[in-house]
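Engineer: My questions will all concern the structure given below.
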Amino acid sequence: MDLQAVAAMRSFAVQILQVFGLLFAFALVVLVLYVLYMYLADINQTKQAIRRNFPVLGRFRYKFEHLGEFFRQYFFALDREELPFNRAQRSWVYRAAKNVDSTIAFGSTRPLNQPGDVLFLNHPFPTLEKDAVPPMEVTFGEGYAEQPYTTSAIVNISAMSFGALSVPAVTALSHGAARAGIWLNTGEGGLSDYHLSGGCDIVFQIGTAKYGVRDLDGSLSDDKLRRLAELRQVKMFELKLSQGAKPGKGGILPGVKVTKEIARVRGIPVGEDSISPNGHPEFHSVDGLLDMIRHIRQVTGKPTGFKCVVGTSDWLHEMCERIRLRGLEYAPDFITIDSADGGTGAAPQSLMDYMGLPINRSLPLVVDLLAQYGLRERVRIIASGKLLTPSMVAWALAMGADFVNCGRGFMFALGCIQAMQCNKNTCPTGVTTHNPDLQQGLDPVDKAERVASYARNLAYEVGTIAHSCGVREPRQLRRHHVEVINERGLATPLAELVPEVQPKSVIASDRGVQ
Amino acid sequence: MESADSVIRLVGQGLYMAVAAVAGLALARVLRTDNTLGCLLAGVLAGMLLPVMDFDTGLRTQNLQALVFFVILPVLIFEAAWQIEPAILKRWLGPVLLFSTIGVALSAILIGLLTYYGSDYHRGIPWIAALLTGVILAATDPVSVVCKLRAEAAGEDLITLVEGESLFNDAAAILLYSLTLGVALQLVLAGGAGSGEAPGVGAVTVFFLATFFGGVAVGLLCGLVTAIAVLLLRSAGAALLVLLLAAFGSFYLAEHVVHVSGILSVITCAIVARICLREQQSSFLVHAAPTWQWLSLIFSALIFVIMGLLITWEMFTQLWLAMIVAIAAAVGARALTIFMLAPLARFIGPPIPKEWRLVMGWGGLRGVVAVALALSLPTELPYWWTIQSMVFGVVLFSLLVQGTTCSWLLGKPRLNGGNLNGGNVSGGNVSGGNVSGGKGPADSRE
């Protein structure tokens, strides 16, 4: 009986072994044939020299080149090494978003001798907690727009269009912004229900293609503009001249990302590349720009400004002169200055890498220019471009910005891992893809909380920097609170490099009257 | 001397069939119909001529199965598999596999049930015969739909979906056919012996799995060897020879030597070879597409000529009710299968738009593979003639009614996957159908 069972088991085992042996032999034969095929295919093709000269082995180069990206990121890249955002910066954002402890120990890993690095000057008697005050409220368009907009939020969500971002991402941003009391810029892709769903303040961006407010032949429709302005949530309008990723080129949404819903919101065909013109066809001069801004403000009754990357600055002089000449009602209520080193958008590499001035040059330039013409109180300045850590925000405030817009910081809060595939519809975290399988990883409820936490923690730590500098709130930071390391590795006062400018109305009138 | 005679006789028989096929194509040109219909008519005419000329075609119901399986099907299936764009097939593989596994089984069972109960009062078909009918009619062949889709410049996705579905359907149906036929023959033999015991389910399953995976494995090896041979020979002419050899060889090797599914072997071989040789598309394989075009043209023409030879007036006079039942069952089961399974497609692949479902449902014609399978029914089965008549009836209905009306169906919905602009680019002339007679079903798959 026992023997029989053993024999049965034995024969069963032998059978299994035979099957596996057969499978192994088959796999071996297939492998040999496959290698032979690869060899022949490589020497017969003419497209890749490496494969032709080193058949089969040459293929590893392409595999490794692809894998190297991941190996570098996970195993070899140092904390302060990666671009555009290194791991130290990203970790800070992730921790802030998750609302976990963000303190570090055993000293700074930041080399404190690199030219251009920023140091804040601490005060011997820092602001005590009981003396600290919340950030000052700032009003846009007071006295000029029918419905001025007042807010105390410092860091807000920068322009990222619906289309570039996915439905759950926009939903999460909207809810998170509402909870943190900050505004959400729609980007140029029009206003969708998802922007409104959370109930946050909205800044509506008018792109060069006028998505969301365009009439049939693609120009600005006053009716649609008026209807948008009737929404209470929409607080301001921003006319986009250029964006950091591609100064001189319009928005690009690859066809693969133009789904039915996005096409409806934008008013364009499904599946075709959505390419905005590189400028507004309505105006070609500073006067035209000022007219357009005034027109939008009159139609909507809400503060209106523009966004641009600063390159040449002659036109800024001209603009200030024209404003002085024509009257303050022609002035933009705010200017958003975008750094030229690229943002969330898809852009040609040459424009992203080389075109326009970075924020550390353009921000003081515009601030000083406005101060020079006495427009500093009339025109608010919003700075944007990689300002996602408290130190960078504090730097921008000290330099003279009233607000900071941040896009990618909030993307990190949404779960972005800097896979850099925003333009391919293959975003692994669901932030910039319309593939439902990938989107399902992004839970809008959970991520809304992270967005809000990130905004709060960021504002809190900017406050901490301000208090260490001995001022009561962040907007009191000035250039004399900052030193910058020069090319010899020594810290130099920022106020010496870019001295504060006093209004010089004389000059303005001199130059204005010709 | 006898062997010389047999060779000469064989040449004569081949020539007679080829002439009939060419005459069929000419008829199609003159009558402005599908090539298939022309060939069918030519076959009927050739059949009428036979007694007058006192000529023997050499076709016997006994050798038809071998002819169809070892000569005609490999070419048709290899060609169909070769034409499919691997990258797009990969995207739609989930839905295609869904339709060709569950879909084919469901449709075979539905047709079987419907014919079984539909014909019960009329002629009493045993259940295995009904199932055999169902399996034969589960093979769809949307050539004329695909042809019109191409003329309409519909999206490559829809064409690939329809073609891929048809190809894998054919494979599954042929596999099931072999299996069901085996069971049927065993039942007949066992019935003759007096002990009617069906083979066990377990044994059938093991046999099925071995046949299935064995076929795929042989196909994989054949495909790799084909690719290697083409790359070694480095000439466009030799590449064609190798591919032709691969079509026949992979089938023969799998079916006759290893005794696994030849059809799966052919399909796998074609797909693997196509993927492996994608970089040689413009060098060694420049002539591959036209070669497969004419090969599949001549062989599908042959199939319909044979059908024309075998079709008789008695089929219609005696079995018209069974035919009508089979037609209703075939159309109904196809529609039911598509509308039941299409909504499930989005769980394993991209969703299938509603307009596409209509095209797939009504466009699921029965054509050359169904005829081939019906032709290869062995005469040992007492009901072979009934099944053949029913299948012929359904195929005729497909050709005459479905094939001609589907152009109307294609004209209406937007088929480019919701593209707002591309809907009606190609203008209105959809009802023209096959205006140029050469635009037959077989030569239009490119």
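In case you wondered, yes, glycine gets a Cβ from its N, Cα and C as well.
All annotation found in TrEMBL is predicted automatically rather than curated by experts.
According to TrEMBL, the protein has these features:
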type	residues	note
COMPBIAS	B:426-440	compositional bias 'Gly residues'
DOMAIN	B:18-410	domain 'Cation/H+ exchanger transmembrane'
REGION	B:426-446	region 'Disordered'
TRANSMEM	B:6-28	transmembrane segment
TRANSMEM	B:64-84	transmembrane segment
TRANSMEM	B:96-118	transmembrane segment
TRANSMEM	B:124-146	transmembrane segment
TRANSMEM	B:167-189	transmembrane segment
TRANSMEM	B:201-224	transmembrane segment
TRANSMEM	B:231-252	transmembrane segment
TRANSMEM	B:258-277	transmembrane segment
TRANSMEM	B:289-313	transmembrane segment
TRANSMEM	B:319-344	transmembrane segment
TRANSMEM	B:356-377	transmembrane segment
TRANSMEM	B:383-410	transmembrane segment
Engineer: So, does the transmembrane segment (B:289-313) come close enough to the transmembrane segment (B:64-84) to give 3+ Cβ pairs below 8 Å, pairs being at least 6 apart in sequence?
Structural biologist: yes
Engineer: As a test: from B:124-146, B:201-224, B:231-252, B:319-344, pick the stretch that has the greatest number of Cβ pairs under 8 Å with the transmembrane segment (B:167-189).
Structural biologist: B:124-146
Engineer: Please work out which recorded stretch in B:6-28, B:96-118, B:201-224, B:231-252, B:289-313 has the most C-beta pairs separated by under 8 angstroms from the transmembrane segment (B:319-344)?
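Structural biologist: Checked against B:6-28, B:96-118, B:201-224, B:231-252, B:289-313; highest Cβ contact count belongs to B:96-118.
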Engineer: Do the transmembrane segment (B:289-313) and the transmembrane segment (B:231-252) share at least 3 Cβ pairs under 8 Å, sequence separation 6 or more?
Structural biologist: yes
Engineer: The transmembrane segment (B:258-277) and the transmembrane segment (B:383-410): do they have three or more Cβ pairs under 8 Å, with pairs 6 or more apart in sequence?
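Structural biologist: Contact criterion not met.
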Engineer: Which range wins on Cβ pairs under 8 Å with the transmembrane segment (B:231-252): B:6-28, B:96-118, B:124-146, B:201-224, B:356-377?
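Structural biologist: The listed stretch sharing the most Cβ pairs with the transmembrane segment (B:231-252) is B:201-224.
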Engineer: Are the transmembrane segment (B:201-224) and the transmembrane segment (B:258-277) close, by which I mean at least 3 Cβ pairs under 8 Å that are 6+ residues apart in sequence?
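Structural biologist: Between the transmembrane segment (B:258-277) and the transmembrane segment (B:201-224), which are separate recorded stretches, there is contact, as judged by 3 or more close Cβ pairs.
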Engineer: Which of B:6-28, B:124-146, B:356-377 shares the most C-beta pairs under 8 angstroms with the transmembrane segment (B:96-118)?
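Structural biologist: So the stretch in question is B:124-146.
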Engineer: Who are the long-range neighbours of the transmembrane segment (B:124-146) in its own chain, taking Cβ under 8 Å and residues 6 or more past its ends?
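Structural biologist: Distant Cβ neighbours of the transmembrane segment (B:124-146) are 34, 36, 104-105, 107-113, 115-116, 159, 162-163, 165-166, 169-170, 172-174, 176-177, 180-181, 183-184, 187, 300, 322, 326, 329-330, 333-334, 359, 363-370, 373-374, 377, 381, 383, 386-387, 390-391, 394, 399, 403, 406, 410, 441-442, 444-445.
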